[in-house]
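Sequence annotations record features per position, and here Swiss-Prot assigns active site, proton donor to 323. Among the features that Swiss-Prot reports, active site is placed at 352, 454, with the record citing sequence analysis.
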């Protein structure tokens with residue numbers, strides 16, 4: 001056992017607590033020396049300076065030539081212009097008032113019925129952020145019921161429509177797309193809209209857009225007279241959009257306090273602006289990531305919240321951390337292949353699953369435990385074994401069992417889970433991601449890999465159309481013949497397209513064996 005991981009002095013020396021936030025951060029079970037901290041401390045003057053430039057409105061997403069302003073959303077006074085600050089404040093108040101009007105029934109559907117449900121259509125941060133909000137904070141029988149379409153899986157879409165069948169007339173359809181051109185929400189929106197129209201159900205008067213002004217979605221919502229349009233600023237990225245209208249509207253519609261959510265995030269932002277290293281939680285957390293991974297992401301991040309309501313948090317962090325830090329090049333154009341892989345579920349469930357490997361298997365990770373001190377106000381546990389005490393015991397036991405094998409971990413403790421503390425927790429990780437990116441000299445706010453994937457997908461969709469058009473002309477074609485007519489470099493994608501299009505589909509006659517692609521000959525019937 002590494003005695004350093006169980007040093008009481010180290011624990012006391014590096015434990016961070018803020019009495020305004022009632023959050024603790026313990027990095028003592030990360031292996032490092034005081035000299036390591038001194039070395040990093042010297043770098044943090046430049047880190048804080050870079051973050052300050054970002055907050056002042058510097059162009060931080062170079063690829064898209066835009067500012068990065070999600071920190072302004074929770075403190076409009078620091079935005080680079082009074083116009084931006086006033087717009088943010090107006091948006092927040094508009095969302096709050098709209099939520100009240102929906103919940104108290106002042107805004108109803110065309111049949112004068114109160115709305116009961118929300119079908120949220122968004123992908124990436126536009127889906128994960130709202131899902132985290134509702135899963136973490138929605139209380140029984142409060143606000144509207146939420147369902148999500150965050151993919152173009154045909155089964156998902158059909159199942160959601162089936163689940164909401166009797167309630168579609170009282171369902172708000174919220175479509176989130178900053179540009180309005182993202183294929184997944186657009187396709188899902190068109191399917192849902194068509195379903196409503198084909199079944200004599202309202203779409204336009206039940207539909208809400210969250211998008212940029214003058215985007216394709218904005219113009220569509222205007223022309224079709226949708227119920228509402230909420231602003232999504234150009235300088236807000238998807239993975240950091242949770243304190244924008246993307247996260248605030250769900251809060252308002254589940255009858256939670258959006259101002260407390262913003263206040264928690266704002267106070268955490270403020271706590272991370274101090275130049276006092278040991279009193280800066282984002283400096284401590286990002287340094288722990290840096291030290292345990294040798295500054296090159298050698299270890300995966302395993303997120304273990306010991307509360308079911310935070311189960312989605314690990315998925316949320318997957319996008320926030322991996323999309324921000326997974327970069328091939330640093331700012332000097334050098335190949336660095338940076339990144340931290342993130343996975344997790346919840347405790348104590350994971351103690352009966354992969355924690356076995358964490359303790360006894362390959363040592364390629366660090367854990368982030370998240371614990372809460374509160375418990376529900378109820379008498380159902382009186383005279384019974386207290387589940388809260390057991391849950392705490394399981395967390396401490398797992399933490400101890402890991403450290404006994406020199407496995408590293410971080411522990412974050414919240415007094416309770418509410419709008420305020422969730423806002424603060426999210427802000428802590430957002431700031432830590434920014435700090436880490438500065439430490440390793442990468443841009444946290446571009447996503448060239450995502451854009452490359454989108455372009456490749458667009459190419460495949462183009463090939464799908466070309467294959468379909470070719471088969472419509474009639475005649476038999478082998479894969480080699482099809483590729484020679486379309487693009488000789490894409491034989492494998494053509495095989496995948498044909499399998500998706502033709503396997504089990506009686507509209508096509510297929511000769512040959514699917515296990516031998518070169519033997520396949522395909523013809524469209526009746527063509």
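Placed from the backbone N, Cα and C atoms, the Cβ positions cover glycine too.
Overlay of Swiss-Prot annotations on the structure.
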residue	record	Cβ contacts under 8 Å, 6 or more apart
323	active site, proton donor	239, 447, 450
352	active site	none
454	active site	none
Checklist line | For residue 352 (active site): DSSP state (helix, strand, coil) | finding: helix
